[in-house]
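Colleague: From TrEMBL, here are the annotated features:
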DOMAIN    76-208  domain 'Fatty acid hydroxylase'
TRANSMEM  35-60  transmembrane segment
TRANSMEM  72-89  transmembrane segment
TRANSMEM  122-140  transmembrane segment
TRANSMEM  249-270  transmembrane segment
TRANSMEM  276-293  transmembrane segment
């Protein structure tokens, strides 16, 4: 199934990119950059996936349900669960600078083109295990998870464009290019809004939804868009660390999360209970969150 998903992704990537460039009369410069970053990410990610697969197997055997039936309803539930977990992970990726160093690679482009949907950091596989591990722990099989990831990935190709596509009443539930365009905007009213992937309903429920009020300006405040795949992946870390040097509290929070992730992985590999590993991570996240809150209060 994973091979089929890759073939479909490549096919749609080419078709949508050519169509978008033809309709908008644009060049393929951004597409070349996005695909180059994606190829580098997939190459490194493939190696990391081999390393972390035994951890997924171990988590699956600790799952909270013995076995979920293979049915259309279960696959649909897997897509819904993955999207819900992704919403919170995506939201955290914009809040915590360690995760933002990874995720910012996706936000570097100043133009929304379909190929931007596959632009991701080489470090994505080092953090996305949190979602995938949670899916295995909930009892979803590898096929269900691959299907969920593929659905999410293919939908990204549709979300990242400049087309004004309207879904009518379904826009209350489904994410649309118009919704996601605001997520990539630097306008103050759109920052940290519309985190959903396939579904926008999470944003509506948890207070992060925004409707378009003004024309969005795409990009990242204070960060350039680099065409080189290596620069795109590495320079965000130097940018973030430079800012952290001026902010000791945020640096402590960043260190707490980094140590917690490493300790949690070691805890799982040493066959501690998954509850203990999760508790370690949650305590560090809570501590860094308190630090972040104190920082914002001091700045205000």
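Quick reminder: no glycine exception, Cβ is built from N, Cα and C everywhere.
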Colleague: Short question: which residues 6 or more past the ends of the transmembrane segment (72-89) have a Cβ under 8 Å from it?
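Modeller: Hits for the transmembrane segment (72-89): 127-128, 130-131, 134-135, 138, 140, 144-145, 147-149, 151-152, 195-199, 202-203, 206.
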Colleague: Considering every residue in the domain 'Fatty acid hydroxylase' (76-208), what is the mean pLDDT value?
Modeller: 87
Colleague: With DSSP as the reference, give the number of residues of the domain 'Fatty acid hydroxylase' (76-208) in helix, strand and coil.
Modeller: 88 helix, 3 strand, 42 coil
